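Asks: So that we are looking at the same thing, I have put the structure below in structure tokens.
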Amino acid sequence: MNRSAALSILKRQSSTAASSSLKRTPLYDLHLKEGATIVPFAGFSMPVQYKGQTISASHKWTREHSGLFDVSHMVQWFVRGENATAYLESITPSSLKELKPFHSTLSAFTNETGGIIDDTIISKQDENTYYIVTNAACSEKDEANLKKHIENWKGVELERVQGRALIAIQGPETASVVQKLIPNVDFSVLKFGQSAYVDFKGVKCLFSRSGYTGEDGFEVSIPEEVSVDFASTLLADTRVRPIGLGARDTLRLEAGMCLYGSDIDDTTSPVEGSLSWIIGKRRRKEGGFVGSSRILKELKDGPSRRRVGFIVEKVPARHGSAVEVDGVEVGQVTSGCPSPTLGKNIAMGYISTGLHQVGTPAHIKVRNKLHPAQVVRMPFVETHYYK
């Protein structure tokens, strides 16, 4: 995958602000030292790839070894208070009461019409404390939504975390790398979706066994004053390479994961977005969350469209490509790329309910030409979460 293709993938998320107004993460100078090509993304100057590494090579390195990703542009929050669980359950469809301490779940903030304001990871630290990570591009509307609804809950406090970087380390050799770096902690007891506070050079860091590549790995919330030291120490291990936004996008697409603003948005419900699994069993019965009327109805009756995967012949499909069956437009591609792992053109998008079954033949229009395609299961590649 070349740089121009990567930039087209990232264009919908990129900031239009002048470079002088773009924010920088604590690792910005390290990116330059490592030979990064910097692009605007969600209001930040971010690395898209690094000198001497094609995006495809970076992708394959992460699948085979360990890749370091700067995700400090994402927003970190704490929600605290005796009504914290009730507050968060009022604005998400997740069953947070049942979530164990230092366990997490993928969730979504929903709006009054059942659409997704943003997708998010919610981690419970105790009955009154939650750590949340949201998308940088949704920062303003997330904050407005969180503050709007918190007024209904006495004693709940919202903190937007400042002064901390967020670093993801992903790939099959990651656990060994991290264990070598911090030998006094047994990371084998930390399973996928779990988190723990870990000391690194005298400071408290939050290690979450999670990520957005389909591989085993960690996301580390770390004070910015030691973040460069932490990242540099990891990169000193020959098994670790810095990986940019280009490969991050192809990795998450192979893993069948959504990119907010492309694959899901304010109009997409969790049900039609094939995210019904984030809706807790108890919540399906009780409802009571914003947008539950539409969402519960779609659970019962089915949505009009569904997010599915496609294999496309000959050329890669891109965001906005029309999906046709028997000459009728029945859907649209939301993400697509050549898969470095499979050597095939993969895509995800929406297709009318009834045509969403695996094996359904279709055609996808790319540059005004129709190309054969087929509905397939996601993820496109096997995932390797540590469970």
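Every residue, even glycine, has its Cβ placed from backbone N, Cα and C.
Take a look at what Swiss-Prot says about it:
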| type | residues | note |
| --- | --- | --- |
| BINDING | GLU219, ARG248, TYR385 | substrate binding site |
Asks: Indicate whether GLU219 (substrate binding site) is helix, strand or coil by DSSP.
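Replies: The residue in question, GLU219 (substrate binding site), is strand (DSSP, three-state).
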Asks: If you measure every Cα to Cα pair among GLU219, ARG248, TYR385, the residues listed for substrate, what is the largest value in Å?
Replies: 17
Asks: Far apart in sequence but close in space: which same-chain residues, 6 or more away, have a Cβ under 8 Å from TYR385 (substrate binding site)?
Replies: PHE192, GLY214, ASP216
Asks: Quick check: in three-state DSSP terms, what is TYR385 (substrate binding site)?
Replies: coil
Asks: Measuring CB to CB from GLU219 (substrate binding site), give everything in the same chain under 8 Å that is also at least six residues away in sequence.
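Replies: Spatial neighbours, sequence-distant, of GLU219 (substrate binding site): VAL71, VAL133, LEU166, ILE167, ALA168, PHE207, SER208, SER210, GLY211.
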Asks: By a simple count, how many Cβ atoms lie within 10 Å of the Cβ of ARG248 (substrate binding site), its own Cβ left out?
Replies: 30
Asks: For ARG248 (substrate binding site), which DSSP three-state class applies?
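Replies: For ARG248 (substrate binding site) - judged by DSSP and reduced to three states - the answer is helix.
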